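Note sheet for the following structure.
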Amino acid sequence: MVPSSGSRVLFICFVITTMTCFVAMATDNNPLQDFCVADENSPVLVNGLVCKDPKVVTENDFFTWGLNVAGDTLSNKVGSNVTTVNVARIPGLNTLGISLVRIDFAPWGINAPHTHPRATEILTVIKGTLRVGFVTSNTENRHITKVLNEGDVFVFPEGLIHYQQNIGHDNAVVIAALSSQNPGVITIANAVFGANPDISADILAKAFQLNKNTVQQLQTQF
């Protein structure tokens, strides 16, 4: 039986409507209200944080201070210090998809290779000269690197391993914005050699093509 032209039109309208609804549901990642200040005391667990009652929200929920204070780089083995401003510090960031960090570097200090599993990072050099870079995914593993000076800006794509190094004889400072209220950070060496409990030394020795004793020695450092 051949469908009538009216039936065909109804079917096409149904398909278009279904596709439109699917797309709308799949991309609805934006806030659905003016703000959703995080309620740190709520026992409810959601992907993000529960909203505080807007009636009790104050200006301090959108505020923090102290980013003018240099971080302690001397007690850090790699010579850097990251001051984080995320939803844990500013509850008003909840659902807004943004955060930032201040990174201080001692001379020749590094922000060791790491990834942000939930955010792209855009970094601005406030003071000093840095070498920065990231590595593309398998199988190319292309190393993209550049030397930055004061006022320069560089982007690290979401999820890719990246790093920064102060290549000057004075302290350096950067400010970086990240596209998540809670971007997360996985420092590669810490995650691999400092896992709790340890990843088997046999596995790491084979993965990194190292002597098992060398792996065990590295594990004691993290």
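In case you wondered, yes, glycine gets a Cβ from its N, Cα and C as well.
The shown structure was predicted, so the numbers you read here are calculated from the model rather than taken from an experiment.
Residues or ranges marked as signal peptide in TrEMBL: 1-26.
The Cβ of CYS51 (disulfide bond) lies under 8 Å from the Cβ of GLN33, CYS36, VAL37, ALA38, ASP39, ASN94, THR95, each of these being in the same chain and 6 or more residues away along the sequence. The disulfide bond feature in TrEMBL is assigned to CYS36-CYS51.
What TrEMBL lists as domain 'Cupin type-1' is 65-216.
According to TrEMBL, the oxalate binding site annotation covers ASN111, HIS116, GLU121. Listed in sequence order, VAL155, PHE156, HIS162, ALA176, ALA177, LEU178, SER179, PRO183 are the same-chain residues six or more apart from GLU121 (oxalate binding site) with CB atoms under 8 A from its CB.
The Mn(2+) binding site feature in TrEMBL is assigned to HIS114, HIS116, GLU121, HIS162. Neighbour list (HIS114 (Mn(2+) binding site), Cβ cut-off 8 Å, at least 6 residues apart, same chain): ILE161, HIS162, TYR163, VAL185, ILE186, THR187, ILE188.
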Across all protein chains shown, the one of the recorded positions CYS36, ASN111, HIS116, HIS162 with the most other Cβ atoms within 10 Å of its Cβ is ASN111
